[in-house]
Amino acid sequence: MTSQQGRSTGEVEVTPDPQVLAGLDHWRTLTVAQQPTWPDPDHVRRVGERLAALPPLVFAGEADVLKSRLAAAGRGEAFLLQGGDCAETFAEATADNIRNKIKTILQMAVVLTYGASLPVIKMGRMAGQYAKPRSADSETRDGVTLPAFRGDIVNAHEFTPEARVPNPERLQQAYHTSAATLNLLRAFTTGGFADLRRVHEWNRGFMANPAYSRYEETAAEIDRAIRFMAACGADFDALRTVEFFSSHEALLLDYERPLTRIDSRTGLPYDCSAHFLWIGERTRQVDGAHVDFLSRVRNPVGVKLGPTTSADDALTLIDKLNPAGEPGRLTFITRMGAGTVRDALPALVEKVTAAGSPVTWVCDPMHGNTITSASGYKTRRLTDVLDEVRGFFEVHRALGTVPGGLHVELTGDDVTEVLGGSEEIDDAGLALRYETLVDPRLNHQQSLEMAFQVVQLMRGA
Ligand SMILES: O=C[C@H](O)[C@H](O)COP(=O)(O)O
Ligand SMILES: C=C(OP(=O)(O)O)C(=O)O
Ligand SMILES: [Mn+2]
């Protein structure tokens, strides 16, 4: 029920259904898990009004394109690579950091494109990944208890009472930092930086290190494929730009709601803070605020599914988030743990598949494999991460369903946060450059190793 108004330009703008508009605030009547305790709710409302007056960060049409790409991934005609920090920070939104992260994702994507013989959909956990759910609401150090760090959009990481007080002005800072990040991201991916020939040269640089000789065969095959393309007269200039999408966990609804806008083409609401939004494992309650809110926007959306997810939960999530069975609308990002994926995933995939509604299955091999090292660091073993990916492929292969992509916490820098890899980061090595504020990320080299090893998995090795 929409109406159309003619414009002198001849353009037709569709006005939204008032009921659809009202529905966007229904979440406020429900339980909203994992929100900060804002000292002054009226301050949050005022910042929300300011955000609502600012331009959208993405265009609804771009979100529609992504939806069609994810639909292809669900059918096995494309593969999603979604990666970035666990928690972006304002301080690290620098040109170097953003460039290195994009570079890492592009390098991985070239390897995966070759391995899968499929287009790879490139998506950053970037330009908005600032809000974190936490296991505990507070943190105690040396007998002092303060509110937990909930991401730069809420409070500061520094362990002082002032820094940890949730400050709504940070919502606006998150918007501006996202805008700056997205601006550079668009420049890098459309301005020549992402040229396939350059990305291939970077991968050659990576392979120059003898530590990675086990990937030589695949690297040589990619090299030959590129030379073959060149010999055939492939138009490399057409491969100077890439599509790159933004995404984050839609956790802080006081941020997502004001950035939700009505698409003038259709009169339908889109959350224009990012192309893709997902609901976390801690906020996927089927009658909760997060599911309700994302059910009312038209972006492609995801839900993280941990090892305790029942098939009934998954089916209810489908009913709520994709009642029309639209391909590409709903992605299930499973994060079961390497030791659990082979037991917990099959029944879920089988029941969802039997229900008939299209779902794109993606593997997050990070969040089910978090451990505390002997020296006290929150970390993960690269071997566990890769084993979960292997389990994910095995399950889908056995059921004849489609492994549609990977969701990874990574950075483009040489941090030491995840154990293992050919350069063998051990427990003592974690201290060298452990920089994450929340979860451990694969470093640049570990990320590329992952891509090469996933190629081997894709080939059934
Ligand atoms: O991705 C983030 C973490 O897994 C999540 O925020 C919980 O972390 P915590 O157990 O350190 O609170
Ligand atoms: C918190 C996260 O994941 P999950 O909701 O799967 O625990 C995350 O992706 O950083
Ligand atoms: Mn995380």
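Backbone N, Cα and C define each Cβ position, glycine as well.
Per TrEMBL, the features are as follows:
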BINDING   C86, H367, E409, D439  Mn(2+) binding site
BINDING   R125, E281, R282, K304, R335  phosphoenolpyruvate binding site
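Features per TrEMBL, on structure.
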residue : record                           : Cβ contacts under 8 Å, 6 or more apart
C86     : Mn(2+) binding site              : R125, Q129, K132, E409, T436, L437, V438, D439, P440, R441
E281    : phosphoenolpyruvate binding site : K304, L305, G306, R335, H367
R282    : phosphoenolpyruvate binding site : A33, Q34, P133
Message: List, in residue order, those binding-site residues out of E281, R282, D439 with a Cβ under 6 Å from any atom belonging to ligand 1.
response: D439
- prompt: So how many other Cβ atoms are close to K304 (phosphoenolpyruvate binding site), meaning within 10 Å of its Cβ?
  reply: 23
- line: Simplified to three states, DSSP reports R282 (phosphoenolpyruvate binding site) as helix
Field: In sequence order, those binding-site residues of C86, E281, R282, D439 whose CB lies under 6 Å from ligand 3
entry: C86, D439
- prompt: Cβ within 8 Å of the Mn(2+) site's Cβ centroid: which residues qualify beyond C86, H367, E409, D439?
  reply: M366, T370, V438, P440, R441
- request: Using DSSP reduced to three states, classify E409 (Mn(2+) binding site) as helix, strand or coil.
  value: strand
Message: Out of the binding-site residues I have (R125, E281, K304, H367), which ones have their Cβ sitting under 6 Å from ligand 2?
response: E281, K304, H367
- prompt: Over all shown protein chains, what is the count of other CB atoms within 10 A of the CB belonging to H367 (Mn(2+) binding site)?
  reply: 21
Query: Of E409, D439, which of the binding-site residues has the most Cβ neighbours inside 10 Å?
result: E409
Message: Is it possible to get the count of other C-beta atoms within 10 angstroms of the C-beta of R125 (phosphoenolpyruvate binding site)?
response: 27
